[in-house]
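In Swiss-Prot this protein carries:
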- His46: site 'Important for catalytic activity' (SITE)
- His46, His232, Arg292, Ser319, His390, Asp398, Arg448: substrate binding site (BINDING)
- Ser49, Gly94, Trp95, Leu96, Val127, Asn156, Lys218, His232, Glu340, Phe366, Gln402: thiamine diphosphate binding site (BINDING)
- Asp126, Asn156, Leu158: Mg(2+) binding site (BINDING)
- His232: site 'Important for catalytic activity' (SITE)
- Glu340: active site, proton donor (ACT_SITE)
Amino acid sequence: MADAEASATMADEAKPDSKTLQILRDMANRLRIHSIRATCASSSGHPISCSSAAEIMSVLFFHVMRYKQADPKNPDNDRFILSKRLSFVDVATGWLGQGLGAACGMAYTGKYFDKASYRVFCLVGDVESWEGSVWEALAFASHYSLDNLVAIFDVNRLTHSTTLPLEHSIDVYQKRCEAFGWNTLVVDGRDVEALCQVFWQAAQMKNKPTAVVAKTFKGRGIPSVEDAENWHGKPMPKERADAIIKLIESQIETNKSLEPKAPIEDSPQINISVIEMTSPPDYEISDVIATRKACGLALAKLGHANDRVIVLDGDTKNSTFSDIFKREHPERFIECFIAEQNMVSVALGCVTRGRTVAFACTFAAFLTRAFDQIRMGGISQTNINLIGSHCGVSIGEDGPSQMALEDLAMFRAIPNCTIFYPSDAISTEHAVFLAANIKGMCYIRTSRPETAIIYTPQESFEIGQAKVIRQSVNDKITVVGAGITLHEALAAADDLSKQGISLRVIDLFTVKPLDAATIISNAKATGGQIITVEDHYPEGGIGEAVSAAVSMEPDIVVHHLAVSGIPRSGKPSDLLDMFGISSKHIIWAVERILMK
């Protein structure tokens, strides 16, 4: 009884006074007016959806959250996730269903890496709660006890074109969130006093994230529009806007505003500006090792170089070899399970405000499921690093469902994305360290088969710089490869040399940016003939990248070897041969060109 009374007393003390409550109501109405004016001026936008959440936003920003208005990127500020990347909002989530995953990454970073007081708030629409990625995020947050995370479900029942099946069945939303292990609070989203109460309750919860299920109405406060269908995404007609604004203004009782609470300044000072390779790669020329394993070893080494390096994996760590990082840095490894969309979103959240250097690992084929998150990461100008293993038909017996043959096309389409395609363990280690230090998204494509060491430990690598690894004055054709096909090109060069035919062989190292200058100069030195060979479909891969790079050179011809057709299960060597990218097929291509 005493505990209950104490709890009630605490709740009473947390209540704002009547003047503060009125200011919060007035600020909500000002937000409605701003949304109407802004969308009318731009002839685009969502004033109706904004109106449903106005009280939620007013209470959050002017009563609950702690932040410095003049310093929106301050690491101690509370975080808020909505739909656009503004100065205060760290990630773009305009395509629905992604915000909560990013919020999970921010909350995980705050709780486990920063060990700081800042909290994370994410506004989730009832419409987007139909996206599976939302439920991946709900499961993740519960599993990791993210009690510094609050998700606010804006349940206004209306969709873009109709009504949701659940409409205002608030109890169903409540039960679903509770089933996923969340502390769930139901509230009238129009009642600022009730909102203040539930957000206070959320702050008291330990070891569980909190879901606030708020019953709201689209178009709240707008006559003939509130809770009406077919208004989504439409500005108010300009001939009605002035009258609506005057009506809302008549409900405002004060000109006062509220200042947000100052943040608690307890985030650690960190430095991720330059992470140096502490020693050269430790490999011998006689070593044989898969680039996927070399990548895992490189991540562990990188983790020793900087304690803000983290690794995420989607339950493939014993195949991607990210488990090596986990063994050496267990407190900085995040298991995301089979939920690739959420894994990428969590990584996006972890790297915001420069708090971590994150690498997310899985099979390259599985990253295609997260293309939506990757695309929005590009729009957010994120610094995440993605590692895709088991690329191409060279993975062998696992079959076509596991073979990434579209991933280069996918990542080449992302603005400012750097694509590494290392061909041996030494270049892989350099790719990892380079990715850790460059701004923008990075993708590292690794292979399953064990391959020989090509480079010496002293070799240096740069982004956008290809390597000419076989050349002579007698070279007839330039062969461009990367990863497994580079080794096939070297084997073809060895066999052809016995016939007195010399090939020039180029290792791209980075597919994007492409070293066009090196490719063009070497092609001109070998009669203008280029053969590209890749473990990827023809569309969007190395061949098309090289063709685009030399397209303005009239005397250069590109011959393209790639995987044509749906692959099958088999031995790696058999599949390379079956799909026309083995050393034998390179030799045949050379012979055909020279016969002409």
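A Cβ is built for glycine as well, from the same backbone N, Cα and C atoms used for every other residue.
Features per Swiss-Prot, on structure.
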residue : record                                  : DSSP class
His46   : site 'Important for catalytic activity' : coil
Trp95   : thiamine diphosphate binding site       : coil
Asp126  : Mg(2+) binding site                     : coil
Asn156  : Mg(2+) binding site                     : coil
Lys218  : thiamine diphosphate binding site       : coil
Ser319  : substrate binding site                  : helix
Asp398  : substrate binding site                  : coil
Arg448  : substrate binding site                  : coil
For Asp126 (Mg(2+) binding site), identify the closest of the binding-site residues Arg292, His390, Arg448, judging by Cα separation. His390
Tell me which of the binding-site residues Ser49, Trp95, Leu158, Lys218 ends up closest to Asp398 (substrate binding site) in space, Cα to Cα. Trp95
Distant-in-sequence Cβ neighbours of Leu158 (Mg(2+) binding site), under 8 Å, six or more positions away: Leu164, Lys218, Asp227, Glu229, His232
Other C-beta atoms within 10 angstroms of the C-beta of Lys218 (thiamine diphosphate binding site) total 25
Note the Cβ centroid of Asp126, Asn156, Leu158, the recorded Mg(2+) site, then list each other residue of that chain whose Cβ lies within 8 Å of it, in sequence. Ser52, Gly125, Val127, Asp154, Val155, Arg157, Thr159, Leu164, Thr216, Lys218
Using all protein chains shown, find which of the recorded positions His46, His232, Arg292, His390, Arg448 scores highest when you count other CB atoms within 10 A of its CB. Arg292
One should report the C-alpha separation between Arg448 (substrate binding site) and Ser49 (thiamine diphosphate binding site), rounded to whole angstrom, as 48
